[in-house]
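Notes for the one structure printed next.
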């Protein structure tokens, strides 16, 4: 009985050891299989976002400059709501999933602006009708709206400076667009029609330049993926890296 018990214990120990070894081998195999499994990557939405921004900004800017007498911005409400409104908000969420906080903030900000600006200009929302007896108050209200958004875009511009010159130029000229357009509405509110018109056209000119920067970025991103070359963006990160090192020392 004693030998039998010892044999049983020894057999159990051997089985346990074998089970432990098999379990360890299984874990090792699973770990190796996981290591060799390709990670699933999410595609970049940046080109789509830049394209939507470029389309909305260049068309609106041409209207502000009154090219071919296209002075009525209501014609671009579709752009405001769908192309640059919903489109940029969706792109922003995509950037957030990829971990790009800057892209999420910029695309999301411009998307929300376009949705709000579209609502102001869309007759269905009744904004203009609410101020039909006091157009100066409407111009002042829109001026404040644009001025506050210009401040927001100014922070975008500062954040883009350590990245590259193209992003800085695009956001900087768009910030000037908001500021000049706000000044234009304030001038119209004060019955300075000629000054208001000049400021509006100047805002359109800066907005058009901002749109060109966006188109350039679209070309850079698309050629980078399809043709294996890209356009220079004017990388400023080395300059800011040197400035940070000097500041530390």
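Just so you know, glycine gets a Cβ as well, placed from its N, Cα and C.
Taking Swiss-Prot as the reference, the stretch among 21-41, 42-62 described by the feature transmembrane segment is residues 42-62. Looking up the ranges 202-222, 223-243 in Swiss-Prot, the one annotated as transmembrane segment turns out to be 202-222.
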